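Going by TrEMBL, these are the annotated features:
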- 1-10: compositional bias 'Basic residues' (COMPBIAS)
- 12-23: compositional bias 'Pro residues' (COMPBIAS)
- 62-149: domain '4'-phosphopantetheinyl transferase N-terminal' (DOMAIN)
- 158-241: domain '4'-phosphopantetheinyl transferase' (DOMAIN)
- 1-23: region 'Disordered' (REGION)
Amino acid sequence: MRHLLLRRRAMPLPPPASPPPPRMPGVAGARLFSSLPPPLPLQSRREVHVWYLLPDELNDASQLKMYMDLLSPSERKAALAMNGEKLQKGAVLSRALVRTTLSRYCKVDPRSFEFKKNKFGKPEILWQPDDNRMGWPLHFNISHTSSLIACGVTMDTPIGIDIEEKKRKTKKNFLSLARRYFTPSEVDYLDKIPDPDAQQKEFIKLWTLKEAYVKALGRGFSGAPFNKFSIVLAAKNGIQISVS
């Protein structure tokens, strides 16, 4: 398993308006963000940093506007198209968390990042041809619920992250879902759990881990069906993945 460093910090606000900063090769149109502290280190490809925030703790209108200003025009449009203020706020914070988190690692103005999606829809940083020389082969992934938004970051290694509500309600036929989507070994693992509540928690845990793995692969559910790999929760050396 990857070494996991959990960090909970407030997102940095952009500095006051100033003359146009110098352009940098790398991120499309990137600008040096001189007011940020030195870039955070990711010591190895095996290290993962996870940043998260609680949307309910961010209610200051001026602060939310500052985060909105970090977004690209298309991101703002997509956020405002969400149905209801809570969903709009979540969309703004999710995108702002990605931008401010990435800026911590390469000292680039969070407004300067541009993104693309692979053919399966996974968002990625739009790097320029010479970016590898700058030592910023950053990968990220984001997930959110109504009460939590999390962004994972790695160096030169794809990452997937998925979070679910702790008290998520699943249909009573979750075992039917397991038999439909999970591998026989995973279904057998669930069948052997006598307590229904514990059984349901393990189902959600398996589902969440599978979602994260598929997101890390960047292929989507169609490109990496859940029944093509097994999550072993009771492995001696932690969680293991077995690919059929």
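Backbone N, Cα and C atoms are what each Cβ position is placed from, and that goes for glycine too.
The average pLDDT computed over the domain '4'-phosphopantetheinyl transferase N-terminal' (62-149) stands at 88.
Per-class residue totals from DSSP over the domain '4'-phosphopantetheinyl transferase' (158-241), listed helix then strand then coil: 45 helix, 6 strand, 33 coil. Across the domain '4'-phosphopantetheinyl transferase N-terminal' (62-149), DSSP assigns 46 helix, 15 strand, 27 coil.
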